[in-house]
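Report on one structure; see the data block that follows.
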């Protein structure tokens, strides 16, 4: 008799592999057509597989029903994902980007993060009953950094390439990478004050520990170490590639290997491994395209969905559920948007108000917040009196867990649904308007499709001189480009003369294009023909604007002809046509 081995390892492998395989089959449809983030899909899948539903993934069982072990697993998993994601983000940025764009980053990381921290603390202090402002500052510090995992899902893909300028994508990635590591000073200032204020050492010791351990040992050391490791890795990789010592497979996973090395070594010395990974990635400066980050991202959000304390949201002794909901809405609205709107004119990557609103809204809370949550819980457990956790620190553990987990879930849901709901909100009124016009018998105005040239033939008398709704070449948000008619007002419709006459019929015979021309004279109509010799199309493209090798327009009489020869500019063509008309 065969023996079934329905054990946790086999169940987890089957569940995770099956979901990722099925998701991969429809990933393009979900992400590029419906614009749903993989984080939201994975979070819902984790909830479905959790002990609250299918019970396929059981985090408490894996942690031997020990809360400390479970928190440690989540912390290390978050560190791993952040390390890999930040190395990849740093590699994808241009060389020396952090040094070249330090002014914009200084505004986002200085006044930007400070205002985000204070605003979130004020909202938490107002909505959570019986909480000190110092405790609210500690909670707010966990959600101050923008998440690089969720930020990358927003600035990558067809939607980002179409609507978000390239420079704006870069500054969002750079900000999310750097402010992740710089969350330590915002977090440990209130934590040290909680530990030492009115207790051993007082405020002086707290400030001293904050400067020495947080700024010098954690931040500065990690920056130096990450830059040195990244520079050495780049030189070694270039040397190995130049001498043909490295194969393609090893080359492609090099960034992952550096991320693992940094997470391990920086973690052993107790410094900021997250910031070191990002600095090293930007120092490496190579065109690596690893794919394991997708596997890690989906896996961790499945883990979040299974491990999230859903029951605490409605059964918490620190904050009721209705206050949690209001807190989530207020934080997403006022945590980041006001300060970005105030500073956007000083940041050259943000060119207009709509882009500032986009950058302010899409500052997601995700993996980095969970990372700082469990860093905080680990610190609070060490605040002991007579061998037991101090009562105020023990009370803070539940508050941290409930508020930060709820804000993370809100951000994943809201930011994951923002783009599809926004596109749906635009499409529904348009569909209703079209249906109403058809019901009333009105002729609907033809709509130029995205990507269609504005110089195409007019349809049903549509005004071709109006700007096309297609985004501009630099990918600006909601920015219509200048049409060809704006540049050449005398030739608004290609092939139509100044008098609005319809061009004659063209016939192509080899390299000859013959146009049949009807002219009025002597009270009757006479037919004529004109042969024009054309050369091969420029740049290997088709002759004419209709893509079929035949010029798609002309004019009658003295109008400027639409067929142009190589080496002949528009003025010469117009002059020749005028002479022919005379």
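One is the number of the first residue shown, and numbering goes on along the chain from there.
The backbone N, Cα and C atoms fix where each Cβ goes, glycine too.
Just so you know, TrEMBL annotations are computer predictions that nobody has curated.
According to TrEMBL, the features are:
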TRANSMEM  6-29  transmembrane segment
DOMAIN    25-420  domain 'Cation/H+ exchanger transmembrane'
TRANSMEM  36-53  transmembrane segment
TRANSMEM  73-93  transmembrane segment
TRANSMEM  105-128  transmembrane segment
TRANSMEM  210-232  transmembrane segment
TRANSMEM  252-280  transmembrane segment
TRANSMEM  292-312  transmembrane segment
TRANSMEM  324-344  transmembrane segment
TRANSMEM  356-375  transmembrane segment
TRANSMEM  399-421  transmembrane segment
REGION    437-501  region 'Disordered'
COMPBIAS  483-495  compositional bias 'Basic and acidic residues'
REGION    513-582  region 'Disordered'
COMPBIAS  541-556  compositional bias 'Gly residues'
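Contact between the transmembrane segment (324-344) and the transmembrane segment (210-232) is absent: fewer than three CB pairs lie under 8 Å, with pairs separated by 6 or more positions in sequence. Sequence-distant contacts of the transmembrane segment (399-421) (same chain, six or more residues past either end, CB-CB distance under 8 Å): 34-37, 39-40, 43, 124, 128, 131, 135, 138-139, 142-143, 147, 150, 154, 159, 301, 304, 308-309, 312-313, 316, 318-319, 324, 327-329, 331-332, 361-362, 364-366, 369-370, 372-373, 376-377, 380. For the transmembrane segment (6-29), the most Cβ-contacting stretch among 73-93, 210-232, 292-312, 356-375 is 292-312 (pairs under 8 Å). Only sequence-distant pairs (6 or more apart) were considered; of these, at least three Cβ pairs between the transmembrane segment (36-53) and the transmembrane segment (292-312) are under 8 A, so the stretches are in contact. Beyond its flanks by at least six residues, the transmembrane segment (210-232) meets 90, 181-182, 184-185, 188-189, 192, 258, 261-262, 265-266, 269-273, 275-284 of its own chain at Cβ-Cβ distances under 8 Å. Panel annotation: around the transmembrane segment (356-375), residues 39, 71-72, 74-75, 78-79, 81-82, 85, 116, 141-143, 145-151, 154, 164, 168, 172, 180, 183, 187, 274, 300, 304, 332, 335-341, 344, 350, 400-401, 404-405, 407-408, 410-412, 415, 418, 477 of the same chain, lying at least six beyond its termini, place a Cβ under 8 Å from a Cβ of the stretch.
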